[in-house]
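Report on one structure; see the data block that follows.
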Amino acid sequence: MSFELLATDGKARRGRITFPRGTVETPAFMPVGTYGTVKGMLPRDIEAIGAEMILGNTFHLWLRPGTEVIKKHNGLHDFMQWKGPILTDSGGFQVFSLGAMRKIKEEGVTFASPVDGSKVFMGPEESMQVQRDLGSDVVMIFDECTPYPAEHDVARTSMELSLRWAQRSKNAHADNTAALFGIVQGGMYQDLRMRSLEGLENIGFDGLAIGGLSVGEPKHEMIKVLDYLPDQMPADKPRYLMGVGKPEDLVEGVRRGVDMFDCVMPTRNARNGHLFVDTGVIKIRNAFHRHDESPLDPTCDCYTCTNFSRAYLHHLDKCGEMLSSMLNTIHNLRHYQRLMAGLREAIQQGKLAAFVDAFYAKRGLPVPPLD
């Protein structure tokens, strides 16, 4: 993997990540394919909406169908028939999400499988082996996602454990030719975040991610971290904000120097009939769309908007048709890709401020200040 910085506008960066399987223009949004599929999307649909890289979930694929099945297909790419780069998360966040079902020790985490209730163990070495078996292009270290809220001592202990696991992840990654990303933890505490970053830089990674955000903290707490952290991360490596978020969050992350994003929001919201447009969100389930012959978004070039009316999308949603989720997902993911393309072009032209002004004006919102 190589990263090239092509342009900057303030803290915002326009770059390109090159993998043997293809290039990813940044800032980039990666659709989430938890079980080896982006829900409701064929691989050709994912390509058609402009996504260049997707995310796979190590934890869930390890439990189901199991790496022994995926290895027979020579890895996740052939298994799911996606030709572009894949980033796999380490499973740390999913283990964190299990709450009382898990027990964390120095060696790793023991938990009850959400599939069949059996006792399962995962540590850094296991996570690295699973990701090696999946054949992902970007491997994430195994870490503990610091909960919110957390007292300073709790956040410090969690961060220090994650650093030790980061070193073990690096050791276990060994001769794997895939890129390995570290994850900055430390909760909402700047001193802990900076210690985490320093420790990860000393270990040495191909890219760095910001973890432990969008875990229940207020928006202003997340922004506070983004105000200082990305700018302190190495300029010659990709910066990845994990699990975030809304279109506004992507814009604010880009303004502060983030290069990569992922989130289930566009796909999950699509299945609930919440569709993103430049002015905000359209709830296609609402009755007043029943007779609306206009496209969902006349400015959008996706298959959904160029072929179907709001009335048809409303009808499919009310009937619970499978096609409803599929068409909604195509639109939402294309909306996110168009947003990222607009941000890239604005940075390239040195016109990000004007782009951001227009973005918030369409939503009737003030532009948030930059620290």
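Just so it is clear, glycine is given a Cβ too, placed from its N, Cα and C backbone atoms.
Annotation source Swiss-Prot lists active site, proton acceptor at D89. DSSP gives D89 (active site, proton acceptor) a strand state.
Annotation source Swiss-Prot lists substrate binding site at D89, S90, G91, G92, F93, D143, Q185, G212. Sequence-distant neighbours of F93 (substrate binding site) (same chain, 6+ apart, CB under 8 A from its CB) are C145, G211, M242, G243.
Annotated region 'RNA binding' per Swiss-Prot: 243-249 (among others), in sequence order, evidence recorded as sequence analysis. Looking only at the region 'RNA binding' (243-249), the predicted model's pLDDT averages out at 96.
For D262 (active site, nucleophile), the number of other Cβ atoms no farther than 10 Å from its own Cβ, over all displayed protein chains, is 23. A strand conformation is recorded for D262 (active site, nucleophile) in the three-state DSSP classification. Feature annotation from Swiss-Prot assigns active site, nucleophile to D262; the stated evidence is sequence analysis.
Residues or ranges marked as region 'RNA binding' by Swiss-Prot on the basis of sequence analysis: 267-271 (among others). Counted with DSSP, the region 'RNA binding' (267-271) comes out as 5 helix, 0 strand, 0 coil.
Sequence-distant neighbours of C302 (Zn(2+) binding site) (same chain, six or more apart, CB under 8 Å from its CB) are I49, I330, H331, R334, H335, listed in sequence order. Residues annotated as Zn(2+) binding site in Swiss-Prot, with sequence analysis given as evidence: C300, C302, C305, H331.
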Cα-Cα distance linking C305 (Zn(2+) binding site) and D262 (active site, nucleophile), given in Å to the nearest integer: 23
Helix-strand-coil residue split for the region 'RNA binding' (243-249), DSSP-based: 3 helix, 1 strand, 3 coil
Residues flanking the substrate site, with Cβ no more than 8 Å from the Cβ centroid of D89, S90, G91, G92, F93, D143, Q185, G212 and excluding those residues themselves: V95, F96, M140, I141, F142, E144, C145, S162, I183, G211, M242
Output field, Zn(2+) shell: CB within 8 Å of site CB centroid, site C300, C302, C305, H331 dropped: P295, L296, D297, D301, Y303, T304, T306, I330, R334, H335
